[in-house]
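For reference, Swiss-Prot has these:
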- CYS52-CYS127: disulfide bond (DISULFID)
- CYS171-CYS223: disulfide bond (DISULFID)
- CYS270-CYS315: disulfide bond (DISULFID)
- 371-510: topological domain 'Cytoplasmic' (TOPO_DOM)
- 399-412: compositional bias 'Basic and acidic residues' (COMPBIAS)
- 399-447: region 'Disordered' (REGION)
- 457-476: region 'Disordered' (REGION)
Amino acid sequence: MPLSLGAEMWGPEAWLLLLLLLASFTGRCPAGELETSDVVTVVLGQDAKLPCFYRGDSGEQVGQVAWARVDAGEGAQELALLHSKYGLHVSPAYEGRVEQPPPPRNPLDGSVLLRNAVQADEGEYECRVSTFPAGSFQARLRLRVLVPPLPSLNPGPALEEGQGLTLAASCTAEGSPAPSVTWDTEVKGTTSSRSFKHSRSAAVTSEFHLVPSRSMNGQPLTCVVSHPGLLQDQRITHILHVSFLAEASVRGLEDQNLWHIGREGAMLKCLSEGQPPPSYNWTRLDGPLPSGVRVDGDTLGFPPLTTEHSGIYVCHVSNEFSSRDSQVTVDVLDPQEDSGKQVDLVSASVVVVGVIAALLFCLLVVVVVLMSRYHRRKAQQMTQKYEEELTLTRENSIRRLHSHHTDPRSQPEESVGLRAEGHPDSLKDNSSCSVMSEEPEGRSYSTLTTVREIETQTELLSPGSGRAEEEEDQDEGIKQAMNHFVQENGTLRAKPTGNGIYINGRGHLV
């Protein structure tokens with residue numbers, strides 16, 4: 001009786017609760033499992049979905065799903081409770097931040113949405129699912145909140161040309177996890193980085209150092225920050241400003257001939273560049289600026305030119321960094337004076353050319369005279385030498401003739417050519433003979449003389465004899481000479497001999 005009464009007092013809800021309790025004590029049903037993620041990543045300020053889906057057999061039902069935060073070293077903190085009949089119940093600490101996903105909803109899906117995630121939400125979360133009739137299941141996941149960095153760029157001190165290694169700019173970014181900071185630029189320099197860690201984030205600072213030069217002025221220097229919480233890299237660009245002042249120069253006097261009296265529109269322009277932009281000032285070194293001259297920044301304009309505009313003009317360029325000066329000399333030309341100068345120049349040129357020509361002519365005359373004297377002296381030396389040789393030859397001939405006269409058998413064979421004309425006892429004056437012999441010492445001589453010279457020399461050899469003896473000696477000499485010739489058709493021809501040489505009638509010596 002009591003048992004039946006007790007059974008009548010239990011309703012279906014009581015029986016379902018009892019079955020859930022029994023399932024929790026007996027363990028999970030091997031037929032079902034929970035599907036979730038190990039790590040859920042969300043960017044700061046966005047909504048985080050905490051997945052928890054029960055996958056079981058058909059006919060199984062999910063009674064409720066309980067979410068709790070279970071950080072290490074701390075107790076479980078209730079987050080929300082989803083009941084199949086009574087709906088969602090959120091803990092007061094998360095009121096207004098925990099919701100169910102928008103419909104349609106699956107009865108087996110126990111996922112929840114955590115609105116507007118903050119860094120404090122990072123940690124581990126547990127999903128506990130109670131099913132019928134399989135029992136209860138649980139799974140854990142870790143929520144990771146990314147804090148995107150907010151980079152900032154700070155320029156360094158003022159850059160000036162001529163400085164050493166100087167800080168150009170520094171870039172700082174803080175986030176969770178630590179961001180990456182790099183530089184994008186065409187400027188040559190060096191970088192250095194340092195980081196600082198906080199409880200929930202880390203800050204990174206990178207510095208860019210360079211040696212300032214005017215070529216860097218106006219160049220971009222970009223800080224690039226990379227982070228997982230950013231859809232794309234963040235870039236901050238800084239334009240470099242390097243203080244400098246270039247050398248000054250003045251243009252307008254490239255053709256000095258254009259600066260003549262009466263010219264209009266003449267001007268001088270001062271060229272320079274710098275950072276900050278320089279200012280220009282014109283002065284005249286040898287006095288004040290002439291009347292009518294216009295100063296327009298870097299340009300100095302002149303009225304129609306006169307001789308009063310001649311002078312030394314100075315362009316003074318300056319900025320906050322430095323100052324420069326450049327000066328030019330203006331010489332306004334008078335066309336009439338220029339023509340006179342040109343005539344004088346031509347006359348001087350003609351005189352110079354004439355002097356040079358005269359010098360060259362004198363030099364030529366000297367060379368001709370010297371060469372003539374040289375050749376004359378050379379000819380005299382050759383003539384003197386020839387006469388000496390001829391004298392020596394004649395002396396040898398005298399000795400040879402004397403030898404022939406005294407001992408004709410000791411004479412070698414000779415060859416003499418004579419042309420017989422006129423008196424049979426005389427020979428032609430220009431006839432010649434050649435006598436070749438060898439001295440006992442082995443030396444040889446060749447002689448050339450006329451028959452008249454032979455007769456004269458023969459007379460000189462016998463000065464003490466009478467006239468009869470002289471004629472007899474002459475006849476004897478002629479006879480001896482005729483032994484070497486044959487008469488043919490009124491002409492004397494030399495007999496063939498190994499030592500004889502035929503000489504023509506011109507008296508050449510061979």
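In case you wondered, yes, glycine gets a Cβ from its N, Cα and C as well.
Given the structure is predicted, the values throughout are model-derived calculations rather than measurements.
Swiss-Prot feature annotations superimposed on the structure.
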| residue | record | contacts (Cβ under 8 Å, 6+ apart) |
| --- | --- | --- |
| CYS52 | disulfide bond | LEU34, GLU35, THR36, VAL65, TRP67, ASP109, GLY110, SER111, VAL112, CYS127, VAL129, ALA139 |
| CYS171 | disulfide bond | PRO151, SER152, LEU153, ASN154, VAL181, TRP183, THR205, SER206, GLU207, PHE208, CYS223, VAL225, ILE236 |
| CYS270 | disulfide bond | ALA248, SER249, VAL250, TYR280, TRP282, ASP298, THR299, LEU300, CYS315, VAL317, SER326 |
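As a whole-number mean, the pLDDT of the topological domain 'Cytoplasmic' (371-510) in this prediction is 57.
Classification of CYS315 (disulfide bond) by DSSP places it within a strand. Taking all protein chains in view, 25 other C-beta atoms sit within 10 angstroms of the C-beta of CYS127 (disulfide bond).
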